[in-house]
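Chemist: This is the structure I want to talk about, given as structure tokens.
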């Protein structure tokens, strides 16, 4: 019987948070090995665990997987969150990559110099309000179904709902003008596995505060 997946990263959101969300949505329990020092990262590098000397890394099914997209695609395939055919998978990839583009801006925001944060936040809000959220609202309106692809939960829905939560932390109410996105967020949030993940005390990480940023810098810089 294989053990639980083990996630290797620091104790913050970063590039691991979408993986945590997807595993949680799939109802998969996982363990975390938090890097606390540069030496912790060096040990993973020296023992050959990191193909490109980078985290996140996930131990699952006897493999040590790196590269966020590869990890997400494996989990999505394994737990039937990746569509029923090539066409659906292409759409899921397209929607998920759009999410990743904006999520990357959100991810970098806490790590930016103080003098650049105001402009960065304004850019995130503008891109969310005028480019990304309208695009996903249009998709949901075009087919009138509950989920983005195939009327079934996929990794694209999970990543989009995660993004909605993260952007709303920065600008409460930004989703209010997108009723179908709000409905999707409610629908996904009420799934038992996700509802559990959204409760206090879960493995979901809070916004990267100054302490988290300093910890990450000590490990990776």
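For all residues, glycine too, the Cβ spot is worked out from N, Cα and C.
Under the heading domain 'GST N-terminal', Swiss-Prot lists 3-83. Here Swiss-Prot flags 4 as N6-succinyllysine. The glutathione binding site annotation in Swiss-Prot covers 9, 45, 54, 55, 67, 68, and the record cites similarity to another entry as its basis. Swiss-Prot lists 85-207 with the feature domain 'GST C-terminal'.
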Chemist: Three states by DSSP: which one describes residue 9 (glutathione binding site)?
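Modeler: Residue 9 (glutathione binding site) sits in a strand per DSSP.
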Chemist: Can you give me the Cα-Cα distance between the residue listed as 'N6-succinyllysine' and residue 68 (glutathione binding site) in Å, rounded to a whole number?
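Modeler: Cα of the residue listed as 'N6-succinyllysine' to Cα of residue 68 (glutathione binding site) measures 18 Å after rounding.
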Chemist: List, in sequence order, the same-chain residues at least six positions removed whose CB sits under 8 Å from that of residue 9 (glutathione binding site)?
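Modeler: Set apart from residue 9 (glutathione binding site) by at least 6 residues yet with Cβ under 8 Å, we have 15, 16, 32, 34, 35, 55, 56, 57.
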Chemist: In sequence order, which same-chain residues at least six apart have a C-beta under 8 angstroms from residue 54 (glutathione binding site)?
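Modeler: The list for residue 54 (glutathione binding site) reads 66, given in order along the sequence.
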Chemist: With helix taken as DSSP H, G or I, strand as E or B and everything else coil, how many residues of the domain 'GST N-terminal' (3-83) land in each class?
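Modeler: Summed over the domain 'GST N-terminal' (3-83), the classes give 32 helix, 18 strand, 31 coil.
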Chemist: Sort out for me which one of 67, 68 has the most neighbouring CB atoms within 10 A, since those are the binding-site residues we care about.
Modeler: 68
Chemist: Taking helix as H, G and I and strand as E and B in DSSP, count the residues of the domain 'GST C-terminal' (85-207) in helix, strand and coil.
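Modeler: Across the domain 'GST C-terminal' (85-207), the residues distribute as 89 helix, 0 strand, 34 coil.
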